[in-house]
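Novice: What Swiss-Prot shows for this protein is this:
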- ALA164, GLY165, SER166, GLY167, VAL168, GLY169, LYS170, SER171: ATP binding site (BINDING)
Amino acid sequence: MPLKSLKNRLNQHFELSPRYGSVKKIMPNIVYADGFNPSVGDVVKIEKSDGTECVGMVVVAEKEQFGFTPFNFIEGARAGDKVLFLKEGLNFPVGRNLLGRVLNPLGQVIDNKGVLDYERLAPVITTPIAPLKRGLIDEVFSVGVKSIDGLLTCGKGQKLGIFAGSGVGKSTLMGMITRGCLAPIKVIALIGERGREIPEFIEKNLKGDLSSCVLVVATSDDSPLMRKYGAFCAMSVAEYFKNQGLDVLFIMDSVTRFAMAQREIGLALGEPPTSKGYPPSALSLLPQLMERAGKEENKGSITAFFSVLVEGDDLSDPIADQARSILDGHIVLSRELTDYGIYPPINILNSASRVAKDIISESQNLCARKFRRLYALLKENEMLIRIGSYQMGNDKELDEAIKKKALMEQFLVQDENALQPFEQSFQQLEEILR
């Protein structure tokens with residue numbers, strides 16, 4: 001038999017032969033085993049002595065042993081249990097039939113709508129769009145929220161962050177964006193949320209309409225690996241539709257809990273904790289996910305909104321700081337504005353869209369800049385105005401701001417069901433600033 005044919009037959013034999021090992025050591029977020037040599041990223045499973053199974057992903061590969069992090073919890077596993085190699089890398093189902101469905105990061109449907117009929121399995125970890133293959137962001141992406149469309153205009157293929165403390169209104173705003181945008185496909189990743197918030201988000205924020213949506217869900221009680229890869233799985237679904245030439249809205253809530261999942265994994269692997277206990281891998285994970293969004297030449301686009309939970313409303317939080325450095329804009333929600341009854345509570349002075357000036361007309365740019373200037377003057381002199389120390393006529397520009405204060409505040413307030421077209425937002429701005 002020729003040497004080449006023998007080599008091929010041997011390769012086929014070893015590919016088809018099951019590879020077994022055994023558990024040597026079990027820790028809270030990592031299991032060590034030996035018996036074969038998998039690569040980092042391979043998927044394995046434990047066959048427990050009680051007959052149940054636990055699937056995991058290899059995160060440590062050494063000469064004598066390997067370590068993997070479980071997707072589900074490992075109660076009942078013990079040293080000596082059999083470990084079986086399953087496949088190289090994690091894949092996730094994609095296809096148009098995912099629209100209207102809710103899945104977990106293992107690709108299992110959790111919506112009681114029957115078996116999922118998918119087109120193919122796509123790799124969960126892919127490389128971001130090459131820099132020179134990225135299309136220029138030159139089209140407006142309207143979201144139906146007038147304070148964003150008018151003052152923080154988004155572009156098709158832009159990546160933005162929504163930064164806020166807990167209970168300020170991130171989910172409500174994300175629901176408004178999802179319903180108000182004109183993108184034909186919406187992919188939503190709910191990572192680390194409380195279980196009760198999932199049906200609430202579907203019924204209250206999406207109004208029960210999932211016809212153009214795909215939801216990937218990993219709740220707070222799921223393992224760190226589920227919470228980590230839930231975001232990557234959702235991005236793979238968005239990339240599938242982008243590669244079909246479609247414009248996709250990608251919504252993720254929240255980046256902070258995604259990073260916290262990697263913090264748990266990294267600390268279990270012995271990484272040194274740095275700022276606020278986050279290991280280096282937690283910060284380096286953010287661009288790996290976020291840079292996969294964008295606009296690609298001769299294909300579609302992924303316009304992404306990532307919510308960032310700011311602990312104690314501290315915008316210098318390491319995750320918030322890292323996210324701001326990667327994203328093309330940031331929308332900051334203010335707890336103070338909620339106290340004044342302004343919803344959505346967007347702090348337009350602390351927020352920015354880095355592409356806005358390039359995608360709207362010069363007249364629209366002038367309107368947005370003038371509104372922000374007048375609003376900034378009001379905030380700067382708010383105390384003087386309140387106590388009556390400012391005399392009208394001392395500053396012409398501040399006089400104009402005071403006269404238009406009620407109209408400007410009215411512009412920033414919007415009922416969550418009163419979404420409006422992009423052109424209407426600028427018409428209202430022009431009327432205020434006449």
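Glycine too: its Cβ is placed from the backbone N, Cα and C atoms.
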Novice: Write out the long-range same-chain contacts of GLY167 (ATP binding site), meaning residues 6 or more apart in sequence whose Cβ is under 8 Å from its Cβ.
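Specialist: Spatial neighbours, sequence-distant, of GLY167 (ATP binding site): none.
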Novice: Around the ATP site (ALA164, GLY165, SER166, GLY167, VAL168, GLY169, LYS170, SER171), what further same-chain residues have their C-beta within 8 angstroms of the site's C-beta centre?
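Specialist: Going along the sequence, the neighbours appear as LEU309, LEU333.
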Novice: Let me make sure I understand the structure: which of the binding-site residues listed (ALA164, VAL168) has the fewest other Cβ atoms within 10 A of its Cβ?
Specialist: VAL168
Novice: With H, G and I counted as helix, E and B as strand and the rest as coil, say where DSSP puts GLY165 (ATP binding site).
Specialist: coil
Novice: Taking the Cβ of GLY169 (ATP binding site) as reference, which residues of that chain separated by at least 6 in sequence fall under 8 Å from it?
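Specialist: Looking at Cβ-Cβ distances below 8 Å from GLY169 (ATP binding site), excluding near sequence neighbours, one finds LEU333, THR338, TYR343, PRO344, PRO345.
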Novice: Got a sec? Which of these binding-site residues, SER166, SER171, has the most Cβ atoms within 10 Å?
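Specialist: Per the Cβ count within 10 Å, the most buried is SER171.
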Novice: Including all protein chains displayed, how many Cβ atoms other than that of LYS170 (ATP binding site) lie within 10 Å of its Cβ?
Specialist: 23
